[in-house]
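Everything on this sheet refers to the single structure shown next.
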Amino acid sequence: MEPTVAPGEVLMSQAIQPAHADSRGELSAGQLLKWMDTTACLAAEKHAGISCVTASMDDILFEDTARIGQIVTIRAKVTRAFSTSMEISIKVRVQDKFTGIQKLLCVAFSTFVVKPLGKEKVHLKPVLLQTEQEQVEHRLASERRKVRLQHENTFSNIMKESNWLRDPVCNEEEGTATTMATSVQSIELVLPPHANHHGNTFGGQIMAWMETVATISASRLCHGHPFLKSVDMFKFRGPSTVGDRLVFNAIVNNTFQNSVEVGVRVEAFDCREWAEGQGRHINSAFLIYNAVDDQEELITFPRIQPISKDDFRRYQGAIARRRIRLGRKYVISHKKEVPLGTQWDISKKGSISNTNVEALKNLASKSGWEITTTLEKIKIYTLEEQDAISVKVEKQVGSPARVAYHLLSDFTKRPLWDPHYISCEVIDQVSEDDQIYYITCSVVNGDKPKDFVVLVSQRKPLKDDNTYIVALMSVVLPSVPPSPQYIRSQVICAGFLIQPVDSSSCTVAYLNQMSDSILPYFAGNIGGWSKSIEEAAASCIKFIENATHDGLKSVL
């Protein structure tokens, strides 16, 4: 691995020993969390010049695993300093010492606060930005901070919206499981080796203990080998010190096909509090697991059947947190996108156009779409796959299907109703049913505006179908190279499916398999802290219905 350490960066390298591994020979997630927290703390103190403590940790997604004998390298640095707190970027890679091949294990962001002596006031110095990537992370740090600050309000709002989904007292159904047997309690006495150099219990050690009890809880449900896939955003509510007794309570909250969420609550007791039974709530965290059987195949978890009101609260909370995680994927774990697209070849226009249409139909037919929002005329669904997030917006429109098709297939009209579109022009009329457009979109997250080159393929219904199709995907056109004024971006698969309800109304479904460049426009809505999708959908409905009332219906 590259040994060079950038200014302000801290590098930790560890050879994975048997003591660091679980029963399957893989690096314990708890051990990795300890190393990550230590490295991040040292990076924070390198910038601040005084002691710092962990305040919170953003979502952590483990993209791979590491095994005994491999080398783990952890790099941490401050991305942005605020008045008395800092965001720390943590990147973990693993290398096989025999082949030299290295892989990314995870990217995480944590927040540290300074711990001055006495009443000393501290104002942190700004971070010196030297590369373009550092400037990007610096801008995104502000967005991530907004997400952290509004997290509790966002969660509360989603919980209020979801109260109608299910009665809190339910009877058992076939193929479901209750969570009573997954409850786990454990206690730890904080000793000097568990404390950091400030005298407080080491934050990474608390994370490791939480991971241990959560793993036991998950194993009681799956009867297999659970492994930690991600950790939800959490913050430390208060400190603990040497001599404290820490009590950990874990229980399964909900399952989502191949994953399970386990909640862990941590309370701290000093000697007096222990005798009185009055502890301090210092942390709550939510850990998401996958599991494999003896053949290393992913296990499908049984659906959870909430019985009590407390079961129901935890069940609904897990659904809300999952939705928020989907929206946070861009701002928490931003990956620099390398724009891709199909190379446009006029001699293969028929094949490329058909691929465009079939991709949209395949996306719509996938199973696993989950509803996130229901309004009077609008329903929003999301589909989470291994490496992709897709959104579907269904709109009930009081206009004939052919009118909606005529309006939505003409992308030059899209800026009239879509607030994200600035301009849209035809640059190649390929055929009567296929056009290539150049599109410019609005600025998001303070970055440069984005532009796209897309193929739009439209299809009227066949005899055995009644669906109008408008599909689009990015293409690479040498005559329209990237411009330094814009960020050339990608549409993987998107479009409209329009079906008549009767002679005067239709259902319009908009689908988009989101690339990293598209996700910023949708992240807030998916995560629950924005209403941009609902607003665009309402604008689309109004645009189509107004056009009908203005006489377009008679023209057609």
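All residue numbers here begin at 1 and follow the chain in the order shown.
Glycine is no exception: its Cβ is also placed from the backbone N, Cα and C atoms.
Here Swiss-Prot has T54, A55, S56, S83, T84, S85, K235, F236, R237 binding CoA, and the candidate from R139, R145, R272, R303 in that same listed site is R145.
On a Cα basis, S56 (CoA binding site) lies 25 Å away from K160 (N6-succinyllysine).
Counting residues per DSSP class in helix, strand and coil order gives 32 helix, 55 strand, 29 coil for the domain 'HotDog ACOT-type 2' (180-295). In the structure shown, the C-beta of K34 has more C-beta neighbours within 10 angstroms than that of any other entry among the recorded positions K34, K97, R145, K160, K229. Distance noted between the C-alpha atoms of T84 (CoA binding site) and K34 (N6-succinyllysine) is 23 Å.
In this structure, K97 (N6-succinyllysine) belongs to neither helix nor strand by DSSP; it is coil.
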